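> Let me give you the structure first, and then I'll get to my questions.
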Amino acid sequence: MEFDQIMVRYGEMALKGKNRHKFEQKLQSNLAHKLKKFPLAKVKKTRDRMYILLNGEDPYEVMQTCQEVFGIQSLSFALRTEQDEGKIREAALFAFHDAKQASTFKISAKRTDKTFPIKSQEMNQLLGAHILKNTSNVTVDVHQPDVEIVVEIRQDAVYVTSKKYPGAGGLPVGTTGKTLLLLSGGIDSPVAGYLAMKRGVEVEAIHFHSPPYTSERARQKVMDLAQEMTRFGIKMKVHIIPFTKIQQKIHQEMPEGYSMTIMRRMMLRISEAVAKEQDILSMTTGESLGQVASQTMESMSAINDVTNYPVIRPLVAMDKLDIISISQKIGTYDISIRPYEDCCTVFVPKAPKTRPKKEKAREYESAVDFSEDIKEAVEQRELIELKLQTELKSENEFEDLF
Ligand code: ATP
Ligand code: MG
């Protein structure tokens, strides 16, 4: 016996009223993209549910992949069997064994097909007795069971579902608009992008690099981070901005204490111009209050001064340790800690102002014309489009044959 499908539950989406259709469609297509590496698996939508038909793919590998897709609240394995008492018993026992640690259970039979001769309550007792007979140290608990086995008797077949596996939560990526993520090579900005994706936002990235002060390796690191993030976002465009000229100009012509603030203001101006061009309505950064000199309240205010765009800061109130633990969970941490030179660290002043004033920043900037440099940086950007990589599993299976 083997599970032949996975049942997908999407709680929060049900709250979205008229949008529900759009949300379901996005979830279905995101799932289909993620499951490309399992060519036999198919996503199927019925009026009120979604299923993955496994068609022989490994249930546990497919389950793990589905658990990375936003918009899913929980999942269960399911198996389809005939309307035959003996087969239903066998299926219920098999489904119970999926919950390895369970010591209490409950059977919830639902008889949609009223022509089936065994009533739901009778079915509960019958299947409960079968499981008790075939296990040890297990009891029934109808109030707070470790696992609930749902048995649905329909006209076409009987569906038996196993324990609930947690989904990634959130909303399907692509249902709540787009943001432009300022992606550095650090730990924070990939986590900020991940959290935006979790709320259904499609993320496009922008990175500032300053060759030859920053190396090819530093740039590759950012591309690797973006690639890793496609695990959740399916695809990601990355805009690489040549930033050397502007940084040199800041370094030479702006007071040292303000160079950090002014550099960030330039980044936001350029990002806004790119966002406008791409019809993106917000920007996202990995800033977190109080982490470094550039992340004081005064500093954020002085930097934010250059744009009317909403700047989303998902990490603003988070502790560094919590940010690190998310980055480990999503696979970006090991890339982020590779040693590298950041465009900011290369030109970083010895003593950046921790309480910069926006009036001062405006005054310093007004003495030098940056507008052409900003235009040039936007125009000379490089655009790279990344997609979720799907190595077909069959390659491994092929190896096993020899
Ligand atoms: P991170 O870990 O994301 O690098 P950080 O703690 O190092 O963040 P800062 O260096 O102050 O903080 O950067 C704050 C934010 O500014 C970053 O999270 C990122 O969104 C943006 N940023 C910094 N440097 C760059 C860059 N070279 N390209 C794009 N965005 C950048
Ligand atoms: Mg950084």
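Every residue gets a Cβ built from N, Cα and C, even glycine.
Nobody curates TrEMBL annotations by hand; they come from automatic prediction.
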> Figure out which of Gln252, Gln295 sits with Leu182, Leu183, His207, Phe208, Arg264, Gly286 in the ATP site per TrEMBL.
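As annotated by TrEMBL, Leu182, Leu183, His207, Phe208, Arg264, Gly286 share the ATP site with Gln295, chosen from Gln252, Gln295.
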> Taking each of the binding-site residues Leu182, Leu183 in turn and counting other Cβ atoms within 10 Å of its Cβ, which one has the fewest?
Leu182
> Tell me which residues of the chain lie with their Cβ under 8 angstroms from that of His207 (ATP binding site), as long as they are six or more apart in sequence?
Leu182, Leu183, Ser184, Arg219, Val222, Val238, His239, Ile240, Ile241
> What count of other C-beta atoms do you get within 10 angstroms of the C-beta of Phe208 (ATP binding site), across all chains shown?
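So the Cβ neighbour count for Phe208 (ATP binding site) comes to 27.
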> Could you tell me the mean pLDDT over the domain 'THUMP' (60-164), as a whole number?
95
